[in-house]
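Working notes, structure below.
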There are 2 protein chains.
Amino acid sequence: MPLDAHIAGQLKRNTDGLVCAVVQEAGTGQVLMVAWMDDDALARTLETGEATYFSRSRGKQWIKGETSGHTQKVTEVRLDCDGDTVLLTVEQTGAACHTGDHTCFDANVLFTTISGPS
Amino acid sequence: MPLDAHIAGQLKRNTDGLVCAVVQEAGTGQVLMVAWMDDDALARTLETGEATYFSRSRGKQWIKGETSGHTQKVTEVRLDCDGDTVLLTVEQTGAACHTGDHTCFDANVLFTTISGPS
């Protein structure tokens, strides 16, 4: 399915033809993961409401949860001021991270000013 | 200031030597912006607690708010599962976006399932 021309005209793709996608969980506001989209992946996301990305390592479209069952139902998509990043709000089923963690940012804290048990 | 070798060893930089930085507001949880960091920018962020990025357009380090006064005090930095993205939690002074909007994602909604006045 082709991407709407008006939207396509607003995108500032990187040299690989991709925009960055930041994925935030509805309700909790947690940032779950960051992935990438080509025009087709964004078009499919907007058309179906199923978060769909472009896998840079596999070089092909990737429907989130297609194999794991850990799908993302998209409730909102916003484009940033310079057109190179979309922010998805999603309802996450299961873990967002392939490690089994809820988010891809759970495991590794480099710096914190927040004291107390973590 | 050099980046801690243990942290440097965990980073998966892109072909420009950069990692993606997603910036989330403490308290509200709003995703404010996405920027990029080289090793020096990350090192300075961790050392000073002032969000510091690498400007791809200007090709140099960029201390957020240095000219605008719209600084970001960093309260947490997390690295994602594959080492190519950091998630910053910050206390934002003023607008995060150069347009004057609070976030870079305020202006352009591509898709929403949320009904009612916006």
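In case you wondered, yes, glycine gets a Cβ from its N, Cα and C as well.
In the three-state DSSP reading, B:D84 (Mg(2+) binding site) counts as coil. Long-range neighbours of B:D84 (Mg(2+) binding site) (same chain, six or more residues apart, CB within less than 8 Å of its CB): B:L11, B:K12, B:R13, B:N14, B:V19, B:C20. Residues or ranges marked as Mg(2+) binding site in TrEMBL: B:D80, B:D82, B:D84.
Cβ-based neighbour count (10 Å, all protein chains) for B:C81 (Zn(2+) binding site) stands at 18. Per TrEMBL, the feature Zn(2+) binding site maps to B:C81, B:C97, B:C104.
On the 0 to 100 pLDDT scale, the model's mean across the domain 'Phosphoribosyl-AMP cyclohydrolase' (B:33-105) is 97. Marked as domain 'Phosphoribosyl-AMP cyclohydrolase' by TrEMBL: B:33-105.
Cβ-based crowding with a 10 Å cutoff singles out B:C104 as the top-ranked of the binding-site residues B:C97, B:C104.
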